[in-house]
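Input: a single structure, listed below in structure tokens.
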């Protein structure tokens, strides 16, 4: 892609999200969502592969549907209450509709079906943008309207996303689909705690973006998109493979890694809110996700490819890819647990 075109698209992506983050008016927020959606579509379709075009079409249709629902719900609220302000949503029907529209935008269960299929059709760089940056704008809107949202609906979305995100990834062999289900599960944790401690939800989002970025960049560096090709990485880059294994375990939420922090704090908050059953279901659902992370770790570090490669060992050549971002995100994904007390002081 032409670098000037790429620069325009990436800046539009940034402007669209920033517009939504900064707006307090539903029309401006809707415009920001549309700008970021239209900016990522050429990036998704740039490969000119049938799968990429199919993924782009699916993404466009789902995002257009969600945007139409947001516009309809905000207009309904303005019609009944005379208020366009995001934090003045008092119409319960409009509020429920807008919650489901934002859930569709992000890929929360039960409106998650598009996310694994779309992510599977994209390259890893665009998939990284879709899994991280594109979640910010809808998340900011949910954060703003969370005090007025129906608690039962939020709990249902959170529990369904965590369970389906864990269950859906169990039988997958494609890494991008596994990461899509991982994304759904993490978004479920954010939704379940949003009504009780929005700051914890933001903490979870920041750490999820850090860990997911590290995972995507690792797979991009070793050029792996299937579970079977991960078996070759151990002989190519043993140190990176070790770090990737620990990053995956961090995504699964195992101590003493960074990923344990949000799960620990969320379960603690749910217990404080006298919701032991919800906390137990969330903890058990996390085990489902942990299983497929362990499968990926096993494939990367404990297996060797069954066939002997007799070709010239091209993987011994020095990689031309920049690894600075990967190094930073991997470090953050592994060592932030000791600063939990400081983060607790900030989020309470």
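Think of each number as a place in line: the chain as shown, counted from 1.
Using N, Cα and C of the backbone, Cβ positions are placed for all residues, glycine too.
TrEMBL assigns the feature transmembrane segment to one of the listed ranges (130-147, 202-219), namely 202-219. Within its own chain, the transmembrane segment (57-74) is flanked in space by residues 26-27, 29-30, 33-34, 37, 40-41, 44, 84, 93-95, 97-98, 100-102, 104-105, 114, 117-118, 121, 130, which lie at least six positions past its ends and keep a Cβ under 8 Å from the stretch. The stretch with the most CB contacts under 8 Å to the transmembrane segment (326-346), chosen from 94-115, 152-171, 202-219, 277-294, is 202-219. The average pLDDT computed for the domain 'NADH dehydrogenase subunit 2 C-terminal' (290-344) is 79.
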